[in-house]
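I have placed the structure first, in the form of structure tokens, so that the comments after it can refer back to it.
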Amino acid sequence: MENRQNKWLVSGIIGSLLFIGLSISVSIQSNWLITVDFKLQTLISSLVNPGLTKFFSLISITGSPIFVIGTASCLMLFFTYRHDIYSASFLGFALIGGDALAFITKEVIQRPRPTQRLVAESGFSFPSGHAIGSTILVIMIFIIIIPKIESQRLKLITQSLAIVWLIIIIFSRVYLRAHFPSDIVGALILGVSWVSLLQFVYLNDSPLLLSKK
């Protein structure tokens with residue numbers, strides 16, 4: 001148990017440091033970051049066509065904060081009904097805390113969104129709200145839902161669908177020019193580091209887990 005806790009803590013600390021470093025680069029508009037973002041945007045822009053734009057516009061809705069929070073709320077109600085307060089509270093804290101951190105970062109850095117967007121968006125760009133919410137939801141699926149599934153086949157299907165969905169969501173945000181690639185990377189790092197630190201705290205303090213030691 002202790003080694004497992006330490007791995008989550010190390011992952012959270014490393015992720016936090018990486019996110020801080022990337023945030024500073026975004027804030028000071030580092031040349032290397034601008035260059036990488038531009039090259040990736042140019043590459044993805046070459047794929048733009050009406051069919052894909054419509055597809056990614058629809059898919060992107062499933063990664064919106066409202067949709068993700070709605071899905072998480074349904075899961076929390078289910079866990080509460082099953083008297084699994086650990087899973088319900090963990091999921092709630094993970095998503096609410098992650099969204100709050102993303103919002104605060106957006107307001108502090110205030111990075112404008114890319115120009116010539118293919119969808120209407122408001123607010124600042126870094127980090128991506130769609131990406132962090134989707135990332136946290138998928139991580140939570142792996143942490144609290146997958147272990148509860150007995151069928152190995154169903155586990156594999158659930159894992160595959162979750163990963164594919166996340167990949168499509170984060171790609172769609174760059175394709176639609178709603179975000180720079182670095183906005184997505186920042187959201188992924190923030191999501192992973194936040195859940196890692198929260199998992200470390202839960203493994204230490206959860207009465208449910210402590211009772212199972």
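Just so you know, glycine gets a Cβ as well, placed from its N, Cα and C.
Database features (TrEMBL):
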DOMAIN    88-199  domain 'Phosphatidic acid phosphatase type 2/haloperoxidase'
TRANSMEM  12-35  transmembrane segment
TRANSMEM  55-78  transmembrane segment
TRANSMEM  85-104  transmembrane segment
TRANSMEM  124-144  transmembrane segment
TRANSMEM  156-178  transmembrane segment
TRANSMEM  184-203  transmembrane segment
Is the count of Cβ pairs under 8 Å between the transmembrane segment (156-178) and the transmembrane segment (55-78), pairs 6 or more apart in sequence, 3 or more? yes
Where, among 55-78, 124-144, 184-203, do we find the most CB pairs under 8 A to the transmembrane segment (12-35)? 184-203
Same-chain residues near the transmembrane segment (85-104), Cβ under 8 Å, at least 6 residues beyond its ends: 65, 68-69, 72, 75-77, 79, 127-129, 132-133, 136-137, 139-140, 143-144, 187, 190-191, 194-195, 198-199, 202, 206, 208-209
Same-chain residues near the transmembrane segment (124-144), Cβ under 8 Å, at least 6 residues beyond its ends: 23, 26, 60, 63-65, 68-69, 71-72, 79, 87, 90-91, 94-95, 98-99, 101-103, 105-107, 109-114, 158-159, 162-163, 165-166, 169-170, 173, 178-180, 182-184, 186-188, 190-192, 194-195, 199
Helix, strand and coil totals (DSSP H, G, I; E, B; other) for the domain 'Phosphatidic acid phosphatase type 2/haloperoxidase' (88-199): 85 helix, 0 strand, 27 coil
